[in-house]
Each structure stands twice: as C-alpha cells, then as structure tokens.
C-alpha cells in the first residue's frame, strides 16, 4: 500500500472523499492526518461493498493502488461499530486476522494500521506476531486478546498448534484478510492456510478479503474455502501503465566477469542518478559484489534472508530516507526447475474461472499476464522477500545483476521502480550461452539459461505493451578499466566472502538484539546505525579507489581546467629550489684562531 501523498493521480477517485463512506470520526481524522483526502479506485469500490453489503472481497490491483487501506478501513470501522453496540459486554476475543507472505510486509501493514487507529488505539489493539518472539514474551501479549493480529501463515500455525492454543482465541473472529495471495501460494503456504481454516468460525458470517496483484486458477481453491458469493474487483492498471509508460527496460549481453566490470564503471562514474537496487540470485553473490565494489570505494548495503528481521526493516527504512543510494538485494526464495512457456501465454484464464463462482460486480479493468511453473522453494527464510511487496520508495533504477529464473520474478523485480507515476529504468545483465563457464570465479549456475529466460520475458512484456531494448555502448570506453577490475576482483577470494558474511551477520545480530531496547528508549541513536560500512575482509588496494584522468572521457577530465599555465623553466630560482651551501673547509683549531 502506498500513501496517497506518493500515489499516482491515475489511481485516485477524486469524485469521492473518505467522508462519503460515513466512517467513524476518529478514522476520518487519522486519514486526514496521514494526508489521505480522496480514496483510490480500489478503495472507493471495496469499502462500500464491505461495509454496506458485508460482501467478501476478491481484489486484483497492482502495488501502490491502495490495497492495504481497502481492507483495513472496513475491518477497523466494523470493529468500532461492534464495540460501540456491545457496550459493557465487549467481547474479549480477536476479531481480525491479517495474513501476509513475508515479515517485511507484516511490519508495513502494522505501521499503516497504527496510523489508522491513532485516535482509537484504546478500542483497537493490534499485535504483529510474524517475528520469532520468545514464548515468555509472546504468551502475555496473546493473553491480552488484541482485536487485530498480523502474521505470516506459518507463524500463526505454529502458535495455534503449540502451547499458546489456549491463550489465543479465534472463536469470535469476524474478518480474515489474505494479502498478496499469489505470493502466499508461490511460497508454498497452501497447507498452512488449510490448517488455519480448521480453527476459524467459517460458518459464523466470517468476512474474507483476498487481495492480489494477479488472479489465477490457484486462487479458486481459497475462494471456495473462505468466501461466500464474493465481489470480484479488478483495477484497470494496464490502461494506466500504457498511458504513462514511464518504465524503460534494457538488457545487456555480457560475459560473467564483465558484469562486475560494468557495475564498477556505472557506479564509479555515477552514470545512474538516484537510488538503485541491484538484484542477485545468491547470498554469496551479493557479498562478493559488495566486496568488489568496496575495492573501488563504492559503498553499498546488503539485504538478504540471513539478516535479522529488525535489521532488514531498518535497512529498508533508511533506504527510503535516502541514507543509502545503492542496495544489493538477494532474491533467492524462488528457484524454478522448469517453466512451461504455455503458462506465460495463459493470460487471464485463471481469473475467468474464478469469476464463474462469484458475481463480478465491477471491472475497473484489464488483462494481466500470470505465470505458473513447477516450483522448488529454497530452504532459506521463506518469510523474507525483497522483490515483491516491500515498500521501496523513489527507486530510480533496478539492475538485474543476475537475471531471475522466471519471467514472473522479473516482473516482481522491475516493479520496485517506476511506481506511483514516477519514471524508472530496469537494466538486466544477460550471459550468452557461449560465454557461460569461461570465467569460473564469477560463474553462476542460473546464468546458463539466461537467453532462454530473456526470450520469455520479452514475449511476456510485449503482450503487456512494453518493449525491452538492447542497451548499446562503446566497449572500447570501458576496456581501460579492465586491468583495475582484474586487480580488485582477484583480491576478493571465496574465503574473504565467507568472512564478510560471518562478520556482517555478527554485526547485525548485535545491533538487532542487544541494542533493540536501547534504540526503543533512544530512537535518535538509531540514526547513527549504518549498514553500508566497509567490511574489509579482503585486501584493499587504496590506489584503486581513485580513477586516473587518462581513463575518463575528455568531458569528465577536470585536471587541465584547474591547473593554469606552468612555465617550463624559471631562471630566477635554483634548479633544485634552494640556495647551494659551500662545503666546509679544513677544520681549524679554535684556540689558535681566538682573538
């Protein structure tokens, strides 16, 4: 969910205001304080259906269209009405559960919800249980029976099946929200959702919200399980995207080693203005790139699934505040064994089947390509996600240092830029098959299928009305930097990468756990905690940090402009620059020379 202050004007419904929905005055005040005046298109459609007709909602809308408030406003409004009618006999159970695929998204929903209940926090308490919290701490928090619980499916199942079953109460549950449904299914949470359904009062007028960026036939099972005659809303963001078309997409065919060379040239010469996210496919790959860039004095910060949740959230927050300009993000949650090309062309067949069992009340929209494939979930923290859902703001460029393994992942990655009506650039490095495996130290297994994946991506994007063009540059201009990259890359060994990985993890664990309470009491001290410090586990060659003028193009050379006329010879000065001294003669006896 994007704030309205950063949302594109194409998404706003200026014919309505939030007062049109007859919301609680406290909600209207909090919305006004946050800068929200007009609802977005998806909000103006979903809120009346949820509040007045009590319909289940299945909504398809892209990131930044206001999906989060589209379900939070009806949930909070109904809970406030429920509490006001009950009076002294207020229920003590949890009334709403919000399920999200990653812990980062859970944190974002918590922040939005806290702002929404700013003036009614005594009536509505919320709890984010997505993070791993000690049982001695979690028990008392659940015993307070918060009105709204935010969690990932796996964490909620863990609590329901554990010793906290008697502590948490879902018997009075009124709302179930499943946000980013397509991503939840991609991460393999189907079994967790079925387990959760056993603890829900599905036959007691439970209102469900299924929010997603795409609708496919996989959602049909969830629709049958949780919804009763839902209202299906589709936002016409394809027309919006075609109108603005501010995302420029390029690909560069380079060898494995030249990926590092191009990165060095691009960021050392500041060829990209603004903030950049670099996506890599493995954690080691991210640290290797960071260490190589450090050899040339280029600072960056790392975001991956090994880091603690608090550190990951702080990195995202600081990146959004423009503290860092370069973020290296590991996108290692999805590994695809084989992707069927027919699924890339499937289009909206899944959403058509979905609409058969429900009433399609409003179609603000369009056709969106969806991809499905045989998936193998990586054994990492599957509740981490950088390429999807995380609210990165004002990103100028997305650089796919390693091409993703599917066309679907490509769409998720480039979706981090050109958001809310702003322009952006996506650049992808592609390794030709003939270049694969020639440079073993920089080799990556997934690069073997780069050309095959690129063909699918181009085909998919062309169906959506976008073009991916080859990025042409003069190879001779960067050849002068090659010997410097070879020196810098040679210093970053596998041992150095492993040491950097351990050192970074130790630093972040210390900052995340031991200093957590201190930072809560002293929030200003948190500003001094940086994540882009140099790790220095490799041998750093200081001369590589400076680019000599002879490597720069003539337009970028400034030495000749600053230095004035320097004469070849100055006869007034001694050639050595100082007066010559006479050599002392033979030492004389001071007693004989005394007068």
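Cβ coordinates are placed from backbone N, Cα and C, and glycine is handled just like the others.
Counting every protein chain shown, 25 other Cβ atoms lie within 10 Å of the Cβ of residue 66 (ATP binding site). The ATP binding site annotation in Swiss-Prot covers 61, 62, 63, 64, 65, 66, 67, 68.
The annotation compositional bias 'Acidic residues' is assigned in Swiss-Prot to 340-349.
The annotation domain 'Helicase ATP-binding' is assigned in Swiss-Prot to 48-233 on the grounds of sequence analysis.
Taken from Swiss-Prot, the feature domain 'Helicase C-terminal' applies to 246-479.
What Swiss-Prot records for 340-376 (among others) is region 'Disordered'.
Marked as region 'Disordered' by Swiss-Prot: 562-595 (among others).
Marked as motif 'Q motif' by Swiss-Prot: 16-44. If you look at the motif 'Q motif' (16-44), the same-chain residues 6 or more away from its ends with a CB under 8 A from one of its CBs are 3-5, 7, 51, 59, 61, 65-67, 69-70, 73, 76-77, 80-81, 115-120, 233, 235, 364.
Under 8 Å from some Cβ of the motif 'DEAD box' (179-182) lie the Cβ atoms of residues 67-68, 71, 98-101, 105, 109, 209-214, 216, 218-219, 222, 370, 388-389, all in the same chain and six or more residues away from its ends. The motif 'DEAD box' annotation in Swiss-Prot covers 179-182.
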Rounded mean pLDDT within the motif 'Q motif' (16-44) lands at 92
Least buried by Cβ count (within 10 Å) of the binding-site residues 62, 65, 68: 62
Three states by DSSP: which one describes residue 67 (ATP binding site)? helix
